[in-house]
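Data block below; observations after.
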Protein chains: 2
Amino acid sequence: MDPKLGRMTLKEWVAIESDSVQPVPRFRQELFRMMAVAADTLQRLGARVTSVDMGSQQLPDGQSLPIPPVILAELGNDPTKGTVCFYGHLDVQPADQGDGWLTDPYVLTEVDGKLYGRGATDNKGPVLAWINAVSAFRALEQDLPVNIKFIIEGMEEAGSVALEELVEKEKNRFFSGVDYIVISDNLWISQRKPAITYGTRGNSYFTVEVKCRDQDFHSGTFGGILHEPMADLVALLGSLVDSSGHILVPGIYDEVAPLTEEEINTYKAIHLDLEEYRNSSRVEKFLFDTKEEILMHLWRYPSLSIHGIEGAFDEPGAKTVIPGQVTGKFSIRLVPHMNVSVVEKQVTRHLEDVFSKRNSSNKMVVSMTLGLHPWIANVNDTQYLAAKRAIRTVFGTEPDMIRDGSTIPIAKMFQEIVHKSVVLIPLGAVDDGEHSQNEKINRWNYIEGTKLFAAFFLEMAQLH
Amino acid sequence: MDPKLGRMTLKEWVAIESDSVQPVPRFRQELFRMMAVAADTLQRLGARVTSVDMGSQQLPDGQSLPIPPVILAELGNDPTKGTVCFYGHLDVQPADQGDGWLTDPYVLTEVDGKLYGRGATDNKGPVLAWINAVSAFRALEQDLPVNIKFIIEGMEEAGSVALEELVEKEKNRFFSGVDYIVISDNLWISQRKPAITYGTRGNSYFTVEVKCRDQDFHSGTFGGILHEPMADLVALLGSLVDSSGHILVPGIYDEVAPLTEEEINTYKAIHLDLEEYRNSSRVEKFLFDTKEEILMHLWRYPSLSIHGIEGAFDEPGAKTVIPGQVTGKFSIRLVPHMNVSVVEKQVTRHLEDVFSKRNSSNKMVVSMTLGLHPWIANVNDTQYLAAKRAIRTVFGTEPDMIRDGSTIPIAKMFQEIVHKSVVLIPLGAVDDGEHSQNEKINRWNYIEGTKLFAAFFLEMAQLH
């Protein structure tokens with residue numbers, strides 16, 4: 001395979017402004033074009049391609065926009081081989097050169113071995129690396145070591161609209177022969193050392209509304225005689241987490257998986273330059289001083305963040321208002337083996353308890369508006385061992401075994417619906433800047449990533 | 001005097017859309033027209049009228065708008081008589097019939113003895129009542145019992161732009177012969193019982209900013225390892241006031257005037273139907289159960305209200321953001337004899353103390369962005385006694401001696417600059433809805449208010 005060819009395709013794909021976040025017809029047209037181009041690429045590779053019509057999407061403003069098709073593709077169906085399904089997405093975050101891009105975000109531009117462009121690392125580059133790996137076997141006229149399936153969507157950045165319904169529907173059809181699912185939609189934790197991701201945190205998002213009346217009050221006319229909703233809300237939010245980051249909701253740590261010696265060793269093995277991490281994050285001081293504690297509190301312990309308040313005075317200036325009704329928002333990142341509905345009960349009970357002690361005449365309503373389960377895989381699954389061996393072959397090193405502190409709902413979704421082993425094999429370096437200005441993928445990562453996927457196919461073949 | 005004539009003039013004045021809040025040329029033209037019409041009315045009354053050019057106003061968007069002139073007018077300068085200066089304003093709050101007005105806000109409409117229209121009670125009606133009282137003496141060809149001065153502005157609802165500079169400049173000119181200052185720009189505390197206002201609370205407005213870095217964080221990527229600014233801020237705001245409304249800043253109550261038996265009796269004498277007050281406020285329960293406690297906590301004790309947070313997530317929906325920098329806003333309503341700069345120090349020290357105990361690596365900055373002193377008059381001043389007697393004559397009752405929980409900066413300003421006794425003699429009933437939809441003044445209040453001012457002139461004459 002000529003790696004230059006792969007880079008040419010990446011340039012073409014990056015040039016398509018497949019922004020799924022801004023719901024305007026122009027970008028939707030680009031998304032449809034993107035999916036058609038990808039379907040064509042897969043067809044030329046010899047795959048059997050279905051572009052599934054996803055219907056349309058009703059926006060809050062009443063507008064209706066078509067959803068780009070999801071590509072389901074199959075390459076080989078030799079029953080003696082394993083079948084690996086690759087998930088990827090070809091939509092991108094918005095990008096505007098005026099926002100601080102040094103180059104046109106939709107013109108792939110190489111500077112010092114870095115390929116700058118929107119979608120270069122998230123997720124067009126990794127999708128193409130997988131395709132390149134397949135086409136390498138084709139170019140060498142070799143049989144594919146495994147059967148390959150693709151599920152490629154165009155709405156990931158907009159919340160994977162309607163994807164779950166499709167996966168549910170295809171569970172016993174497209175996914176029936178699938179043995180393993182590979183996702184390559186996150187980043188390494190390092191600039192140079194590859195990684196395998198085996199878990200993500202979940203998230204339960206809460207709102208707590210405190211209401212005196214619909215209308216606001218004037219603080220001159222009513223200040224001093226009211227149970228002010230903001231005072232209640234600030235007390236409620238202040239009861240959730242202490243200054244060391246410890247969550248104060250009773251029972252919340254009960255189901256957190258116990259820490260094993262083996263697990264501690266995985267954190268020790270990871271290279272993380274704390275000083276550099278702190279500097280690049282522009283944070284003066286973290287809550288913890290050691291690499292192990294930092295990683296554990298990002299990955300294997302829950303965290304609680306207060307996001308803000310709706311209904312209070314949030315603008316510049318000095319308004320003397322007593323808000324009549326306010327809604328606080330916070331969320332808890334969940335880890336194995338915390339249970340979303342148990343957490344919902346614990347948080348609700350805790351807030352009701354704190355509120356009742358205030359003897360406030362206001363009304364409080366607690367709601368969990370989002371509940372996403374944490375996901376964790378068995379790192380001793382055969383495909384994890386295969387991925388490790390492939391990394392050793394291509395990079396000559398052990399991978400960092402990492403988790404992601406964020407939630408990657410598709411990983412959990414595939415695991416729950418398809419019931420197969422899911423692995424995240426990122427290709428991009430920690431500084432790739434997905435979602436940011438000047439997103440890039442290193443030339444090296446893109447080429448070595450392609451090799452890694454090819455090596456992974458060969459390793460997977462050994463399993464059968 | 002024909003009261004119908006007065007009502008005709010009120011109709012003409014209400015018809016002028018003298019909105020000073022919306023900074024658009026059309027309303028400014030209306031304001032200039034309003035001031036010209038008023039100057040003409042005063043001239044026809046025989047007053048010597050000066051319309052002071054107030055220059056122009058630079059808006060935040062760079063636009064420049066002319067400020068309507070302030071009218072200074074004098075009627076009589078008999079050195080054997082006392083001189084009473086009346087302050088009023090002829091600008092109004094915005095009004096739009098679509099916002100819930102039952103009648104056109106700029107067409108004075110009488111329904112069941114209520115005169116509906118924007119500015120009817122705030123403040124065009126009371127200004128005209130004063131003018132009507134003066135013209136009654138003219139119509140009866142009687143000498144005015146006192147010398148009268150007027151200071152009428154057109155920017156009160158926009159913060160009395162440039163008024164203080166003018167009063168300072170005129171201190172030894174226009175104001176040199178003034179003995180008493182009367183303002184009639186607030187409301188009774190009752191539907192039928194007149195009142196005299198002898199004090200207002202001040203206000204010190206604070207911001208407390210907590211900063212980790214300029215940019216926000218993603219709660220998945222950083223949740224668990226940061227001193228989150230929102231957790232710090234919620235703890236800071238939560239340390240300010242307890243659930244009974246008691247302010248927790250050490251020393252804050254030290255300078256609050258001690259409560260005397262005489263003062264308690266003034267609260268007892270006030271008629272306030274708590275049940276009706278609670279219902280009309282649409283509040284389920286106040287912090288206090290007795291009339292006296294309610295009034296004291298609105299008027300003679302400080303109160304602290306938390307207004308909101310700038311920089312956090314304040315929109316609908318579920319954003320998983322860790323705000324990088326947030327600014328909390330709260331204010332304390334000050335009462336005699338609290339001192340603005342002492343309060344500033346107490347609050348700052350308290351917040352620094354709470355913050356330092358958190359061992360947070362964030363930066364905290366406390367600022368007092370506004371400091372308005374409380375105002376209190378001596379209710380035994382001669383003009384207070386004269387006003388009481390006039391009320392007895394016209395209404396056959398003792399007035400409610402009331403304060404205002406809000407700040408009326410002009411009262412304090414006149415007292416501080418001109419050093420003369422200031423009294424607030426409201427004419428409107430508690431339900432007049434100043435600043436609201438369906439603002440009105442009762443026909444009865446308007447006419448009896450006119451009589452009250454005439455009786456007040458006669459009482460004032462007794463003082464000399």
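Even glycines carry a Cβ here, placed using N, Cα and C.
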Check your understanding: Hey, TrEMBL has Mn(2+) 1 bound by B:Asp122, B:His435. Any idea which of B:Glu141, B:Glu153, B:Glu157, B:Glu459 it lists too?
Key -> B:Glu157
Review point. So TrEMBL lists B:Asp122, B:Asp185 for Mn(2+) 2; which of B:His89, B:His227 goes with them?
Key: B:His89
Check your understanding: Taking each of B:His89, B:Asp91, B:Asp185, B:His218 in turn, which of these recorded positions have a Cα lying within 10 angstroms of the Cα of B:Glu157 (Mn(2+) 1 binding site)?
Key -> B:His89, B:Asp91
Point to revise | Chain A neighbours, restricted to the recorded positions B:Glu157, B:Asp185, B:His218, by C-beta under 8 angstroms | key: B:His218
Revision key, fill the gap. Same-chain neighbours of the Mn(2+) 2 site, Cβ within 8 Å of the mean position of the Cβ atoms of B:His89, B:Asp122, B:Asp185 and not counting those residues, run in sequence order as B:Gly88, B:Asn123, B:Pro126, B:Val127, B:Glu156, B:Glu157, B:Ser184, B:Glu434
Review point. By a simple count, how many Cβ atoms lie within 10 Å of the Cβ of B:Asp91 (active site), its own Cβ left out?
Key: 25
**Study point:** Count of other CB atoms lying within 10 Å of the CB belonging to B:His218 (site 'Important for catalytic activity')
**Key:** 15
Practice item. Between B:Asp185 (Mn(2+) 2 binding site) and B:His435 (Mn(2+) 1 binding site), find the distance joining the two CA atoms and give it rounded to the nearest Å. Key: 12
**Study point:** binding-site residues (B:His89, B:His435), the one with most neighbouring Cβ atoms at 10 Å
**Key:** B:His89
Check your understanding: Applying the rule Cβ within 8 Å of the centroid of the Cβ atoms of B:Asp122, B:Glu157, B:His435, what extra residues of the same chain belong around the Mn(2+) 1 site?
Key -> B:Val92, B:Gln93, B:Gly119, B:Asn123, B:Glu156, B:Glu434, B:Glu439
Point to revise | Nearest-integer angstrom distance between the alpha carbons (Cα) of B:Glu156 (active site, proton acceptor) and B:His218 (site 'Important for catalytic activity') | key: 45
